[in-house]
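Student: Can you keep this structure in mind? I'll have questions shortly.
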Amino acid sequence: MASLSLEDVRNETVDLSTVTVDEVFKTLKCDKKGLSEAEGENRLKLFGPNKLEEKKESKLLKFLGFMWNPLSWVMEIAAIMAIALANGGGRPPDWQDFVGIVSLLFINSTISYIEEANAGDAAAALMAGLAPKTKLLRDGTWDERDAAILVPGDIISIKLGDIIPADARLLDGDALKIDQSALTGESMPVNKYAGQEVFSGSTVKQGELEAVVIATGVHTFFGKAAHLVDSTNNVGHFQQVLTAIGNFCIISIAAGMLVEIIVMYPIQHRAYRDGIDNLLVLLIGGIPIAMPTVLSVTMAIGSHRLSQQGAITKRMTAIEEMAGMDVLCSDKTGTLTLNKLTVDKTLIEVCSRGVDKDMVLLYAARASRVENQDAIDTCIVNMLADPKEARAGIKEVHFLPFNPVDKRTAITYIDGNGDWHRVSKGAPEQIIELCKMAPDAEKKVHALIDSYADRGLRSLGVSYQQVPEKNKDSAGEPWQFIGLLPLFDPPRHDSAETIRRALHLGVNVKMITGDQLAIGKETGRRLGMGTNMYPSTALLGDKNTQVDGLPIDELIEKADGFAGVFPEHKYEIVKRLQDKKHIVGMTGDGVNDAPALKKADIGIAVDDATDAARSASDIVLTEPGLSVIVSAVLTSRAIFQRMKNYTIYAVSITIRIVMGFTLVALIWKFDFAPFMVLIIAVLNDGTIMTISKDRVKPSPKPDSWKLDEIFATGVVLGTYMALVTVVFFYLAHDTDFFTETFGVPPIRDNDRQLMAALYLQVSIISQALIFVTRSRSWSFVERPGFLLLFAFFAAQLVATAIAVYANWDFCDMQGIGWAWGGAIWVFTLVTYVPLDVLKFIIRYSLSGKGWDNVQNKTAFTNKKDYGRGEREALWAKEQRTLHGLSQPAASDLLSSNEELSDIAEQAAKRAEIARLRELHTLKGHVESVVKQKGIDIDAIPQNYTV
């Protein structure tokens, strides 16, 4: 063993967890005095930092990556065409377009890179603040240092509450209680003695001890599990949608170019250079080159906003997936509840004469530690009005700490009169056995324990005896069983309201807990989320297996939660929900949760999660509770709404450019200058960048990429605008409509001025379209963000000035003057109005709900939450249906587009009905009280009153 080197340790050719501690010191060439600072730095170079590996990406490659996608390829082809092909007809290559296209590519890539880097840096800074610390012995001095610098051979001190920073072997001292639930899923702490191994990621629950580090970073048990998780990758919905929209635009442009080539050259015999210019118009104007930039900037800014709310986004595409999340599988302990045991004083049972509830609680507090407490001690002592009462007026003689054999604690003390007493608290069975109770009395106590269990409450027995011998080792008088305490983990103060908000948002919250089923149901009842819960055994079997008459997949979908769940069950729940086409969020905190977090569409590492859980997750919470998740859902939906608005806009612009300029080029043989289309693209991109900070209303239901809606809306609106452009060109080129209507000079025989007029009309209507696509109702009612308004008017002021004044020979354009500029603005505003109507028609034809905004006049109200009152009224009506009091309408049965997701609506109904029955009916209230007290309702006279 002594011949082994540190390289052998790094290569794991020796198992330091099985040899003696002395051999560990020999192999690691260290002792109990710790390493020197210099030796620590040398070993850090050999073993690497004590943290999970992070993949580094070249900044240059990341920047160039923004120019390596199908949309950028089309623009790059256009740039090559501008100098390689556009050089016929005695004219030089089109250098203006080449420089403009390349500049546009670099500007878009630069903006994307900067915004994404800023968001990444902000998240990294927040993550750095969560870096663990440890107490380390270096150069003979104890100091608190970053856990990342630990190396094998370091001596560390671990105490109550510490998260063990690396795999280590314990040195001499008393046993520790270690919570390994983050690693093994085992909820009960385990005892670890001197010489035994403790694992990175475990938590010290009791004791204090020194240890020698034997493995760090990816070489720990913790790190290896995380490394396995990192080996899987999923392609996000966002990338798939981006590809689909990009392909649609490219195919549309290719179709338009093919038509132009066939008509212009073989049929019309147009000049080579003119044809190339027309093809460049479609390439430059039709491709939504800014789409990756706009969407990535929108998500980057959204990511920063989420971090301010306590949700650090590690994978930005998780934002759009969270917007579509319709199922959230949430941990109970610490997320829905406080992870802090509490005694329900109203349910304390007194089992001895001359004792009241307060006395039972006081005796239990006396049998608790007042220092170095475990969770039960803390909970009981803190229930006193003043925790000091636990030792007030008495002198402690002896304290028996809890141990796994006796399963109880006991205290022997002397009161103010000099009398000796002994009190014990612990597992009810142990206390019953201690008291040697009569069969009838024991039966009654067991009935009380069972009633607690039915309510999901843990029981704690309390007993008392006098010690007349006044000796701590004497047996004392017979023990008296004086009472039972009910223990439960109370819900967070905001959990019930947060769950209600989630249900209103169409997100069904499912409780996933390792606790007993009764405890899960009791927590669900207190939170108003329903009690339709099942044990984890219900998850076993294939999808055709039935439980309670339902196939397992359907049962998982409709359940309010599952109890007795192990980490592998979490993975199975996520997988089956995804198979049912749900977008699933999963919360977790331990290394064994990592596979489920990785599998989920949105993996959420809760506050105080292990590094492995954070590594596997998409979002890391920095605040406890469920409310931060619901806030993140709302923010994500607002972000998604901006992205969705832009994609509809992008598709519409592609169709309007391709169709409009193709028709103008083929019908009138009018050659629009590619450079002017480039100006339109630059101004559009500058305006559209501000959509990332636009003022939008989040969707009231889970939102997802509906490509049929995006393409249908884009095609209809784009076709309308293309036809408007054709009509405009016809009126300006072939008629005196504008001269007769607005008194402007005719330009029908001046192609240079027609170029300016057509440019201005296309520019205004193209940018104005964003106000239609961004709004759920009338575009002139939903006020956009100030930045978007400013950018629009600034861009169109520039566009109007160009059309009015510019005399550019290189693109054959001449200014048309302010009179024509005003006429075009009026024409555009008039033709803009039908765009809203078309939007409503498309939405109605797709979902049957497009006209709700008009009929309910929600377009003209300041309500912040659309539809809540209507939905609650609908629930009240549907409750009658649930109880067979009325028949559901056939249209209701066939509706496939609910305001809430179906399963969330069902969960909301169950919770609402349960709440209304308990709170607002006499019989329901009495039944609730009777249930709490464990009374047989059939034994109560039916003329009872409250």
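Cβ from N, Cα, C; glycine included.
Since we're looking at a predicted model, the values are computed, not measured.
Look at TrEMBL and you will find 15-87 tagged as domain 'Cation-transporting P-type ATPase N-terminal'. The annotation transmembrane segment is assigned in TrEMBL to 63-86, 98-114, 241-267, 279-301, 646-666, 672-691, 711-733, 753-773, 785-806, 818-835.
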Student: Are the transmembrane segment (711-733) and the transmembrane segment (785-806) close enough to be called in contact, which here means at least 3 C-beta pairs under 8 A that are separated by 6 or more residues?
Tutor: no
Student: Are the transmembrane segment (753-773) and the transmembrane segment (818-835) near each other by the rule of at least 3 C-beta pairs under 8 angstroms (pairs 6 or more apart)?
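Tutor: Result for the transmembrane segment (818-835) with the transmembrane segment (753-773) is yes.
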Student: Work out, from DSSP, the number of helix, strand and coil residues along the domain 'Cation-transporting P-type ATPase N-terminal' (15-87).
Tutor: 41 helix, 1 strand, 31 coil
Student: Have the transmembrane segment (98-114) and the transmembrane segment (672-691) got at least three CB pairs under 8 Å, pairs 6 or more apart in sequence?
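Tutor: Answer yes: the transmembrane segment (98-114) meets the transmembrane segment (672-691) with 3 or more Cβ pairs below 8 Å.
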Student: Counting only residues 6+ away from its ends, which parts of the chain sit with a Cβ under 8 Å from the transmembrane segment (672-691)?
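Tutor: Distant contacts of the transmembrane segment (672-691): 82, 86, 94, 96-97, 100-101, 104, 107-108, 111, 277-278, 280-281, 284-285, 289-290, 293-294, 297-298, 642, 645-646, 649, 653, 657, 661, 664-665, 755, 758-759, 762-763, 766-767, 770, 774, 785, 787-788, 790-792, 795-796, 798-799, 802, 808, 810-813.
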Student: Note the mean pLDDT of the domain 'Cation-transporting P-type ATPase N-terminal' (15-87), expressed as a whole number.
Tutor: 82
